[in-house]
Each structure stands twice: as structure tokens, then as C-alpha cells.
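Feature annotations, reproduced from TrEMBL:
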COMPBIAS  17-30  compositional bias 'Low complexity'
COMPBIAS  31-40  compositional bias 'Pro residues'
COMPBIAS  41-53  compositional bias 'Low complexity'
DOMAIN    150-248  domain 'PPIase FKBP-type'
REGION    17-72  region 'Disordered'
Amino acid sequence: MASLFVSPPFVSHPISRTQQYLVSSSSSSQPPNPQTPTPPQSQSLSTSSSDQQPPLPVKPTKPTTNYKTKADSTDWISSSLTRRFGLGAGLAWVGFLAVGVVSEQIKTRLEVSQQESNTRDVEKQEEVLLPNGIRYYEIKVGGGATPRAGDLVVIDLKGNVEGSGQVFVDTFVGERRPLALVMGSRPYTKGMCEGIEYVLRSMKAGGKRKVIIPPSLGFGEKGAELGSGVQIPPFATLEYIIEVDKVSIAPA
């Protein structure tokens, strides 16, 4: 009888396994020990990123710049006005530009006409002696603008050595082009010298002078080699015929 109340061994075995499962599950649900260090998130990210392939290098591209010319900009203004205010506004802008061009042409013609009307020949040529030793004779008084520093002056020029008659520059004959000189620029070329620039300061467009320049304002004690076998001897006094064709603002 006593053996009947004793639990069989197969009943007690599963009960112990169930208790073991409960203990393990309860222990797993407990919060982690704060003393146990947890790996930082950055390490896991670095580990995962190291498994990935590095990105391919991207070739830098140069930024494209949209350059517009002056004509493009005016066309854009005209088209914008046309879209916003109608065809009349676009035509008005085109007309404004046309008026500007025509007015500039009229201004140039008026200046040329005024220069020609104010230019006159000198009846009696008299010698004028300047303090620096330059002598000149007024052949024609110009009626245009007077050159200033930085202006572009276009001149016809004939130069020879005094006493010898040796001509070393002459733009009056044939189809030779006039010479251009920017006031205040250096060096001088094509037979021009410091004395010529000094004389031009008191001339006007359309004027013409005969000028005698001493060696100190010419080519000095060394003379000059002008090419094509043309030489200016040392201490040479120079005679020039100078005519101012045009005075304008030098291009930038």
C-alpha cells in the first residue's frame, strides 16, 4: 500500500524540467547587469560598414558658366518685355536701341562737321619759340578736340634731319597709313619722339604745324636706328610736319 502513494519516477522528471525552464526563462527576462559593458553602437556600425565595398571615386566636374554677350542680353530684355507687356513694349525697346545708335552717329558727324568748319589756314606763318627749345610754325589751326593724357591721337607725320634733308618717316605720300599715338605712353615708335608729344598737347584735331625739335627732346646723344638702313645721327636736330587727323578715347 505504501508503494501506491509514492510518485512514480516518470512523473517527477517532467516537473523538474518544467521548473528548470521557468527558472531559465525568468533569468533571461531580467535586465542586464549594468556592470557588464555593452559594445558601443559606433563599433557595430564600423564593423558593418567595413563589410561593404568602398564607394567609387566621383570625377569632379567643372561648373559651366553661361556667358551672355551684349546682343544676347538685349534680345533677352526685348523678349521679356514682349511676353509681359505685349509686342508694343518689345518694339519700343528695339526702337530705343536704334535711337541710341543713330544719335551716336549723328554726334560723330556733328563733331567732324564742327571740326572742319572751325579749321582754318594761317595766312602768315610766324615762328613760336617754347621754353624747352622747340620751335614751330602754325600752318593750319584745328577746330576739333585737344589731346589729353590717355587719348588716342592719329597723326600724319613727315620727319627729316635738319641740314641733311634725310627723310626718315613720311605718311603724307602714297597709301601709307597715319600713325597712332597714345598720349603719355612709352616707348615711341616709327620716328616719333618726346618733342612730338609735347607739341601735340597744344594742338587740336585738324591742325597742322611745322616743328623743329632740339636733340634733347629728339633722339639725344646716341641717335637712333629706325630699321631698313635708316639712322638718326647723334645730336641731330629734327624737322617735322605734323597734322592731327583725329583725337579719341583710347580703347581699354
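Quick reminder: no glycine exception, Cβ is built from N, Cα and C everywhere.
Note that this is a predicted model, so its numbers are computed, not measured.
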Model confidence over the domain 'PPIase FKBP-type' (150-248), averaged pLDDT: 92
Residue counts (helix, strand, coil, in that order) that DSSP gives for the domain 'PPIase FKBP-type' (150-248): 10 helix, 43 strand, 46 coil
